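Q: In case it's useful when we look at the structure, here is the feature table from TrEMBL:
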type    : residues                       : note
SIGNAL  : 1-24                           : signal peptide
DOMAIN  : 23-216                         : domain 'Cytochrome c'
BINDING : Cys42, Cys45, His46, Met86     : heme c 1 binding site
BINDING : Cys147, Cys150, His151, Met193 : heme c 2 binding site
Amino acid sequence: MIPRSLPGMLVLGALFAAAAPAQSAPDGKQISAQGANGAPACITCHGARGEGNPAAGFPQLAGMGGRYLEEQLNAMANGSRVSPVMAATAKALDPAQRQAVAQYYAALPSTLDTDQLAATAMHPSKPADTGAWLATRGAWDKNVPACNQCHGPGGIGVGENFPALAGQPAAYIAGQLRAWRQGQRPPGPLGLMPAVATRLSESEIDAVSAYYAGLPTAAAQLAAQANAPAGAKQ
Ligand code: HEC
Ligand code: HEC
């Protein structure tokens, strides 16, 4: 029925205005798939599911904290986090677009098998296995807690502030630890990571980065062994 009265027309007008607002909120999914303001589509590097690309060194984004991702985009845009690859992309997006695309990736399910990964935390490691030892035990002689204590068992990430490490490219993890040592990344919550990174040696950085990069594969192997029928163990 077509309203003839003036109030009826006003109601209809308001409905149309609400359906097609002049300034629509940015669409994070669309930015990820198509880019925006000249910034390239995120999926070309970070993958269609936000899973990243270990071979190319592109980190996974799916399931990370939304505030964390937004803060990283802001830091790469203002240069306090030095990233030659991401700077122009982060700068091209306006703050509302950065927030929208961060929220989009935060809401995507992580591609990690968190049960398998968490089980690796119970697997005994030896001090000589530097990466595994740092991840599960830390280096208390120099006040470095186990990485898993903050990043979760198996490096699966915890809540908004502690990003997942499992499956991130080794070069990426090592690059971030060195960036903190060189003041090329903001300190983050309570300055926790600069404190950790400055206490690690170069070879410890490489070892723990390789450990987390390889952890999804190692976790799948451990799970397969545990599930093997009795007598089939090697
Ligand atoms: C050309 C490839 C490429 C494209 C396109 C790209 N990224 Fe990145 N992204 C990277 C690389 C490489 C890094 C690691 C940065 C570093 O080493 O400093 C990164 C890092 C990030 C991080 C930090 C992740 C973390 O764990 O701290 C976020 C967030 C991010 N990108 C979001 C985006 C978004 C959103 C888009 C699309 C608008 C996008 N990226 C497009 C390559 C790319
Ligand atoms: C006391 C808590 C704590 C401990 C222990 C800790 N981290 Fe972190 N880590 C954090 C926090 C908080 C962040 C997020 C920093 C930010 O927001 O910039 C972080 C971020 C990171 C990142 C960046 C991830 C990304 O997506 O860019 C890496 C890499 C990392 N930590 C590696 C390690 C390693 C390796 C260890 C063990 C040697 C470790 N962390 C131990 C708290 C911790």
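Just so it is clear, glycine is given a Cβ too, placed from its N, Cα and C backbone atoms.
Give me the local environment of each listed feature.
A: Under DSSP, Cys42 (heme c 1 binding site) is assigned to coil, being neither helix nor strand in the three-state scheme. Its Cβ taken as reference, Cys42 (heme c 1 binding site) is surrounded by 24 other Cβ atoms within 10 Å in the chains shown.
Cβ neighbours within 10 Å of Cys150 (heme c 2 binding site), excluding its own Cβ and spanning all shown chains: 18.
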Q: Taking the residues Cys42, Cys45, His46, Met86, which the record names as binding heme c 1, find the longest CA to CA distance and state it in Å to the nearest whole number.
A: 12
Q: Please report the distance from the Cα of Cys150 (heme c 2 binding site) to the Cα of His46 (heme c 1 binding site), rounded to the nearest angstrom.
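A: Roughly 24 Å, rounded to the nearest whole number.
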Q: Checking the binding-site residues Met86, Cys147, Cys150, His151, Met193: which ones have Cβ within under 6 Å of ligand 1?
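A: Correct list: Met86.
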Q: What average pLDDT does the predicted model assign to the domain 'Cytochrome c' (23-216)?
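A: Mean model confidence (pLDDT) across the domain 'Cytochrome c' (23-216) is 97.
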